[in-house]
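Remarks on the structure that follows.
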Amino acid sequence: MTENRVVLALLILCIVGFEPSFIHGATDSSDTSALNIMFSSMNSPGQLSQWTASGGDPCGQNWKGITCSGSRVTQIKLPSLGLSGSLGFMLDKLTSVTEFDMSNNNLGGDLPYQLPPNLERLNLANNQFTGSAQYSISMMAPLKYLNLAHNQLKQLAIDFTKLTSLSILDLSSNAFIGSLPNTCSSLTSAKSIYLQNNQFSGTIDILATLPLENLNIANNRFTGWIPDSLKGINLQKDGNLLNSGPAPPPPPGTPPISKSSPTPKSGNRGNRSNGDSSNSKDSSKSGLGAGGVAGIVISLIVVTAVIAFFLIKRKRSKRSSSTDIEKTDNNINQPIILASNDFHQENKSVQNPPLVETKKLDTSLSMNLRPPPSERHKSFDDDDSTMRKPIVAKKAAVVVPSNVNTYTVSDLQVATNSFSVDNLLGEGTFGRVYRAQFEDGKVLAVKKIDSSALPTDTADDFTEIVSKIAHLDHENVTKLDGYCSEHGQHLVVYEFHRNGSLHDFLHLAEEESKPLIWNPRVKIALGTARALEYLHEVCSPSIVHKNIKSANILLDSELNPHLSDSGLASFLPTANELLNQNDEGYSAPETSMSGQYSLKSDVYSFGVVMLELLTGRKPFDSTRSRSEQSLVRWATPQLHDIDALGKMVDPALKGLYPVKSLSRFADVIALCVQPEPEFRPPMSEVVQALVVLVQRANMSKRTVGVGSGSSGVNDYM
C-alpha cells in the first residue's frame with residue numbers, strides 16, 4: 001500500500017509539474033494558421049524543418065525563427081535563409097507580432113496587403129518584391145523601424161500620418177517614382193531616412209521640418225533648393241539636380257522672415273503698431289524714414305486707382321457679357337449627357353466653350369489684384385459656379401455599370417492565393433495576369449495594372465477607364481467581370497478562357513499535344529478581325545487597340561477567339577510610352593518611328609498575327625539567323641510565290657490545308673502588312689475577305705498537301 005501511494009504521488013507531481021509547460025506551449029490557432037499559409041506560400045522550404053503546412057505548435061515545438069510570449073507569436077526572424085515564394089495572405093492575424101524580419105532572401109511577388117498590424121520593426125530588405133509599398137503599413141502606429149531596401153518596388157502607397165514613432169526609414173535601391181508624399185511631414189521621430197537609388201522627383205522641402213540626423217537621397221531626380229535645416233546634418237545628395245546655393249527670395253509682397261522675431265500673425269497687428277510706436281523715438285532703429293513713409297503713401301494711392309479702374313471695367317464687362325453667357329449656357333451644361341450608359345455616344349457630348357473660358361480667365365486675373373468686398377465676392381462666385389457646373393457634373397456622371405462587380409484587394413488575394421506564382425497566367429505590358437478561383441467555384445482572370453501604366457493615384461480616373469471598357473460588347477471581345485481600386489492598387493477582372501492564348505497554342509504547346517489545324521486558324525483570324533472591326537468601325541469614337549498580338553487573343557473551349565486588353569491601351573495615359581518600350585515585332589513601321597498608334601497600325605499588327613498563324617513562327621526570334629529574325633521581313637517577299645509559300649507554312653500542319661485557301665490567306669496578309677499605312681485595308685474589308693475564304697473552304701471536298709496529290713482528310717477543311 002505504501003509503495004502504491006508513493007507511485008500515485010509521483011504521478012500527480014509529474015502531471016502538475018508538466019501541465020504549465022503544456023499550456024504555455026499551445027499556440028493560438030490564428031497564429032498557427034497564418035504561419036501554415038506562410039510556409040506553403042514560401043514553397044514549403046526544407047530550411048524550416050519544424051514548420052508544417054497544416055497544424056503544429058509553433059510555440060511549443062520551437063519552430064525556427066519564431067519567438068512566443070504565452071500562446072502568442074511575438075517575433076518572426078528568418079533572414080538569409082534563401083527562402084523563395086511569397087508571404088501568404090493571413091499575416092494580419094498575427095496581432096501580437098512586433099518584429100518581422102525576412103531580409104536577405106529570394107521572396108518575390110507583391111508585398112502582401114495584410115501585414116502584422118502591430119509591428120515595431122519590419123525588415124523585408126534584399127528580396128525581389130514588386131508592385132507597391134502596401135497601404136497596410138500606414139496603419140502600424142507603433143512602427144519604429146521600416147526597411148524595404150533593395151527590392152523592385154515602384155509605388156509608394158504609404159500614408160505616413162500615423163507613423164509618428166518611425167525612427168529609421170530605408171526605401172533605397174528600388175524603383176520608386178514621383179514626388180515624396182506630403183504625409184512625410186508627420187515623421188516627427190525620424191532620425192535616419194535612406195531614399196538613394198530610386199527615381200523620386202520634385203523637391204525635398206517636405207523633409208525640412210523633421211529632426212533628421214542622416215538623409216541619403218543620392219541618385220534620384222530631385223530638384224529645387226536644399227532647405228537650410230538639412231545642410232547641417234549628414235546629407236548625401238549626389239546624382240540629383242539640386243541647387244545647393246541659397247534659396248531664392250520670396251515673391252514680391254511676401255514679408256521677410258526675421259530670425260530675431262517670429263513672423264507676425266493676422267491677429268498681431270496691435271502689437272506691431274505698439275512696437276513701431278515704441279521705436280519712433282529712434283528713427284535709425286525703426287528703419288523707416290520720411291522718404292519711406294512718402295513711398296508707402298504714393299504706392300497706396302496707385303494701388304487704389306488700379307483697383308477702382310478694374311472694378312469699373314468689370315461692371316461694364318459683366319453687363320456686356322451677360323447675353324453671351326446666356327447664349328452659351330446650353331453648351332456648357334451639355335456634357336451632363338455623359339451620364340448616359342451608351343459608350344458609343346458618350347464622347348460626342350463633350351463641348352468646348354471657348355468664349356466662356358476666356359471670360360473666366362479675364363475675371364480671374366482681375367481677382368488676383370486684391371481681396372474683393374464680400375458682396376462682390378459672392379456675386380463672382382455665383383457666376384463662376386455656373387461656368388464650373390458642367391465639369392463637376394461630368395465627373396460625377398462616371399458610374400460603372402451595375403453588371404460590373406466590385407472586388408476588394410482581400411477578395412482577390414484569397415482567390416489568387418496571394419497572387420502566387422502558381423496562379424500566374426502571364427505578364428504583359430500593363431501588368432501581370434493571375435488565375436483566380438473563388439469560393440463559389442467561379443474562375444476568373446485578374447490583371448494587376450502596373451503603377452507605371454496608371455501613375456495617377458486617383459480612383460476616379462481608373463473608374464472612368466473601367467466604365468468605358470465595361471460598355472464594350474462583342475462576342476469576340478473578352479468581357480469585363482469586375483474591378484478593384486483600393487489603397488493605390490488597380491485591378492481588372494475578366495472572364496477566364498481555359499485554352500489560354502493563341503501564343504501558347506502556337507509557340508508553347510508540347511509536341512505530343514494536338515496541333516492547331518488549318519480551319520481553326522482561319523476561324524481565329526476571322527473572329528479576331530471581327531473584334532477589331534467592332535472597335536474601329538462600330539464604337540464611336542473609334543478605339544485603337546494598340547496592343548494586337550497573339551498573347552492577347554484568348555481561346556475558349558471551342559477555340560473561338562476573344563481579344564483581350566480591348567480599350568485598355570487606348571484609355572491608359574502612359575500606354576504609348578510603355579508599348580514602345582516593349583515592341584515584340586508587331587509594331588507598324590510608322591509606329592516604330594513616331595511612337596504614335598492609329599487604326600492602320602492595328603491592321604498591320606493583325607497582319608503579323610496572321611503571319612504567325614500561317615508560319616507558326618514568332619514575330620521576332622533572336623534564335624534564328626539574322627535574315628530570318630524578323631518575321632515580316634523574311635515572309636513578305638514569299639507571300640506571292642506559291643512554291644515558297646508552301647515551304648514557309650507551319651510544319652505542324654503537316655501539309656494538310658487547301659492550297660487555294662492558303663494563297664488567299666497570304667493575299668490578305670500582304671495587304672495588312674503594307675509598309676505605307678494608306679495602302680492597308682480597313683478591317684471591314686479584311687473581315688469580308690476572310691468570310692469568303694471560310695465559305696469556300698467549307699465547300700471544298702479535298703485537302704492538298706505540299707508537293708503531293710489530293711487527300712481525303714476532310715477534317716482539315
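Glycine is no exception: its Cβ is also placed from the backbone N, Cα and C atoms.
Note that the structure is predicted; figures quoted are calculated from it, not measured.
Record note: Swiss-Prot gives Leu425, Gly426, Glu427, Gly428, Thr429, Phe430, Gly431, Arg432, Val433 as ATP-binding, and the candidate from Lys447, Lys468 in that site is Lys447. Comparing Asn271, Asn347 with the features listed in Swiss-Prot, the residue bearing the annotation N-linked glycosylation site is Asn271. Of the candidates Ser320, Ser379, Ser622, Swiss-Prot records phosphoserine for Ser379; the remaining residues carry no such annotation there, which does not rule it out for them. Taken through DSSP, the repeat 'LRR 6' (211-232) splits into 3 helix, 8 strand, 11 coil.
Under DSSP, residues within the repeat 'LRR 5' (189-210) fall into helix, strand and coil as 3 helix, 7 strand, 12 coil.
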